[in-house]
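K.L.:
First the structure, then my questions, so here it is.
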Amino acid sequence: MTAPEGTLESFLEGDCSVSEPLAITVTALAFVAETLAGVISSGPLNGRLGEEVGANSDGDRQKKLDVVADELFAGALAPTPVRWYASEERPTAEMLNPEGTLALAIDPLDGSSNIDVNISIGTIFSVFEAKESGVESFLRPGREQIAAGYVVYGPQTVFILATRTTLAQFVLHRGHFFLVSDSLRIPDRTTEFAINASNYRHWSRPIRAFVDDCIAGDEGPWGENFNMRWVASLVAETHRILTRGGIFLYPADARRGYGQGRLRLVYECAPIAFIVERAGGKATDGIDRILDLTPSELHQRTPLVFGTAEKVSQVCAYHDLPESEVSPLFGTRGLFRA
């Protein structure tokens with residue numbers, strides 16, 4: 001049966017860079033995304049989706065919809081070419097199809113704290129070629145991914161797919177994801193930054209200095225006024241930056257449990273970095289490229305700074321300075337002012 005023209009299915013059929021196993025896997029992910037979009041759009045009519053039902057192996061509180069989403073994805077992927085399945089909601093990688101050739105890591109429901117307040121939430125996924133064991137399949141640099149993507153469940157349900165050669169955006173309409181763009185690119189200039197400013201006192205001096213220089217506006221080193229954004233949903237932040245530019249910062253800080261950042265490298269940061277680089281942006285841990293980092297454990301955390309390449313490079317420059325040279329007054333001394 002031929003897929004309807006302009007749909008995700010027809011896109012996968014026509015893209016020679018997408019192997020058959022990957023196409024089958026992405027189609028299964030899209031099927032679950034459509035199902036979840038329906039569940040989410042009905043909100044409390046489907047029960048208390050934001051109710052806490054326990055904690056995952058890493059200590060994060062699980063909401064009912066976290067568990068539902070994880071079970072839906074694992075079930076739909078079981079008959080596909082996915083050999084290894086790694087989820088935020090499960091302690092270890094699990095074998096789905098012994099004959100499979102792919103390994104898929106996933107955050108089934110990103111931003112679940114926003115469920116009850118009707119703010120955009122999403123799904124993030126990463127695909128590797130499978131190795132003999134689950135550990136080998138996922139504890140490798142993100143640059144070895146063959147595909148990554150995310151879904152935003154918001155006013156529109158959007159599916160973003162990145163492969164090694166393509167980056168495409170699809171929107172759900174009447175049971176199908178339709179292609180709306182295959183030329184996404186993060187704008188080269190930005191006047192927006194996203195960070196949770198309530199944690200300012202816990203940040204390192206380079207992060208505080210960068211934010212201070214943004215807040216200084218047209219009196220600071222950038223010579224223009226900035227707006228701050230914060231949604232507490234990584235997919236929502238990513239999609240805004242992919243659409244209109246900006247920089248996102250979730251740094252390490254001095255609080256207990258935040259010394260290595262809070263976001264997970266394997267199934268959050270690496271796939272987002274893969275997408276961002278495909279769109280012409282940059283993604284680092286504040287210093288080093290995310291896609292060059294090799295995780296030592298499945299649920300490893302890392303700081304994350306991504307977005308418009310110029311601004312991400314400037315954050316790295318703040319970290320390169322001697323500690324004595326970094327202060328909230330740094331900008332007025334003119335490293336970036338002509």
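The backbone N, Cα and C atoms fix where each Cβ goes, glycine too.
OK, Swiss-Prot features for this one:
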- E88, D107, L109: Mg(2+) 1 binding site (BINDING)
- D107, D110, E268: Mg(2+) 2 binding site (BINDING)
- D110, G111, S112, S113, N196: substrate binding site (BINDING)
K.L.:
Determine which residues of this chain, when D107, D110, E268 are set aside, have a Cβ within 8 Å of the centroid of the Mg(2+) 2 site's Cβ atoms, and list them as they appear in the sequence.
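P.N.:
Close Cβ neighbours, site residues excluded: E88, I106, G111, G122, T123, I124, L234, V235, L263, R264, Y267.
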K.L.:
Of the residues named as substrate binders, D110, G111, S112, S113, N196, how far apart in Å are the Cα atoms of the most distant pair?
P.N.:
17
K.L.:
For Mg(2+) 1, what surrounds E88, D107, L109 with a Cβ no more than 8 Å from their Cβ centroid?
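P.N.:
Residues close to the Mg(2+) 1 site, other than E88, D107, L109: D66, A69, D70, S87, E89, I106, P108, D110, S112, T123, I124, Y267, E268.
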K.L.:
Give the distance between the Cα atoms of E268 (Mg(2+) 2 binding site) and D107 (Mg(2+) 1 binding site), rounded to the nearest whole Å.
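P.N.:
Taking the Cα atoms only, E268 (Mg(2+) 2 binding site) lies 7 Å from D107 (Mg(2+) 1 binding site).
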K.L.:
If I take the alpha carbons of D107 (Mg(2+) 1 binding site) and N196 (substrate binding site), what is the distance between them in whole Å?
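P.N.:
Per the Cα atoms, D107 (Mg(2+) 1 binding site) and N196 (substrate binding site) stand 21 Å apart.
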K.L.:
Kindly assign N196 (substrate binding site) to one of the three DSSP-derived states: helix, strand or coil.
P.N.:
coil
K.L.:
Indicate whether E88 (Mg(2+) 1 binding site) is helix, strand or coil by DSSP.
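P.N.:
Once the DSSP labels are grouped into three classes, E88 (Mg(2+) 1 binding site) ends up as coil.
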K.L.:
Where does G111 (substrate binding site) sit in DSSP terms: helix, strand, or coil?
P.N.:
coil
K.L.:
Sorry to bug you, but what's the C-alpha spacing from N196 (substrate binding site) to L109 (Mg(2+) 1 binding site), rounded to the closest Å?
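P.N.:
On Cα coordinates alone, these residues lie 20 Å apart.
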